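Student: The structure is given below, and queries will be raised subsequently.
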Amino acid sequence: MSVRLGIVMDPIASISYKKDSSLAMLLAAQARGWSLFYMEQQDLYQGEGKARARMRPLKVFADPARWFELGEEQDSPLAELDVILMRKDPPFDMEFVYSTYLLEQAENDGVLVVNRPQSLRDCNEKMFATLFPQCTTPTLVSRRPDIIREFTAKHADVILKPLDGMGGTSIFRHRAGDPNLSVILETLTALGTQQIMAQAYLPAIKDGDKRILMIDGEPVDYCLARIPASGETRGNLAAGGRGEARPLTERDRWIAAQVGPTLREKGLLFVGLDVIGDYLTEINVTSPTCIREIDAAYNTDIGGKLMDAIDRKLKAR
């Protein structure tokens, strides 16, 4: 019997054909003969105590001019699907949380949800990394300016960032003697009402912020180094960085081995680790990317490896 795979994502018509990781996953699933069903966040709902969706059958194509075709909308229980990929991009807001509640109902009805809804709620992408202090640069989370100032005085060169940012937004570098620290803290903490993260600056960022993809707790053999544009301290592609695929180093594999068992335990089947130099900086659990860039550089099939892992999970049930 064919696997019925649903996906919750941002509008498929607006994705970047060349870079979109969700499309890579869908192409891999379709190549296995699986049936695809498309949903956007607003299509999820609950009726008569059951999680449901207005979903549409989906076909995908390796064609930059026409990469998808949608069928007629149908109203169905999520329990009729075998697996659901939650690929809605941040922001991680209350609407995202409500979506995880609905997906958790589907999970309780026997659907495999990738990634596990509870873990999507629990694992803030910046805070999650602090569970592995042996892997991270000196890090502080606080909303009190005096505590943050003590940290910046100790480390002299630091990165300050919100806990809920994405794509490199609102990330500041502060160095000793910079007169702008007060306004940076006022802005990021919203006058002391919001927790933020401070990390000791890593000079290795000039060589790239590496995205290491993890499938069921095991690393893909290659990563994508996102190298900052001239004059930048952020490697994010959304902030103008350029991507360069590379093999993993021994240190990368060590970090992956430290984190992998926890990912498996939490049902986080597809995850992106962010590593600068020798240090883990973030663990991305909501809609990680960079599949297409690594596949293009090394002729890998990361989407296929993910579908293999999903297939194993389904058969083990």
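Numbers run from 1 along the shown chain.
Placement of Cβ uses the backbone N, Cα and C atoms for every residue, glycine included.
When I checked Swiss-Prot for this same protein, it listed these features:
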{"type": "BINDING", "residues": "152-208", "note": "ATP binding site"}
{"type": "BINDING", "residues": "E282, N284", "note": "Mg(2+) binding site"}
{"type": "DOMAIN", "residues": "125-311", "note": "domain 'ATP-grasp'"}
Student: Fewest other CB within 10 angstroms, which one of the binding-site residues A176, A200?
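Tutor: Per-residue Cβ counts within 10 Å for the binding-site residues A176, A200 bottom out at A176.
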Student: Can you tell me the three-state DSSP label for G168 (ATP binding site)?
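Tutor: DSSP assigns G168 (ATP binding site) to coil.
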Student: Would you mind checking how many other C-beta atoms are within 10 angstroms of the C-beta on E282 (Mg(2+) binding site)?
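Tutor: Excluding its own Cβ, the number within 10 Å is 22.
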Student: According to DSSP, collapsed to three classes, what secondary structure does G208 (ATP binding site) have?
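Tutor: The residue in question, G208 (ATP binding site), is coil (DSSP, three-state).
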Student: Using DSSP, would you call I184 (ATP binding site) helix, strand or coil?
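Tutor: SS state of I184 (ATP binding site) = helix.
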Student: At a 10 Å cut-off from the C-beta of I184 (ATP binding site), count the other C-beta atoms across all protein chains.
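Tutor: That number is 19.
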Student: What is the number of other Cβ atoms found within 10 Å of the Cβ of G192 (ATP binding site)?
Tutor: 13
Student: Roughly how many angstrom lie between the C-alpha atoms of N284 (Mg(2+) binding site) and G168 (ATP binding site)?
Tutor: 13
Student: Under DSSP, is L160 (ATP binding site) helix, strand or coil?
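Tutor: L160 (ATP binding site) sits in a strand per DSSP.
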Student: Note down the number of other Cβ atoms within 10 Å of the Cβ of N284 (Mg(2+) binding site), including every protein chain shown.
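Tutor: So the number of other Cβ atoms within 10 Å of N284 (Mg(2+) binding site) is 23.
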Student: Does DSSP put G192 (ATP binding site) in a helix, in a strand, or in coil?
Tutor: coil
Student: Counting distance between Cα atoms, which of the binding-site residues G168, A176, I184, G192, G208 is nearest E282 (Mg(2+) binding site)?
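Tutor: Closest by Cα distance to E282 (Mg(2+) binding site) among the binding-site residues G168, A176, I184, G192, G208: G168.
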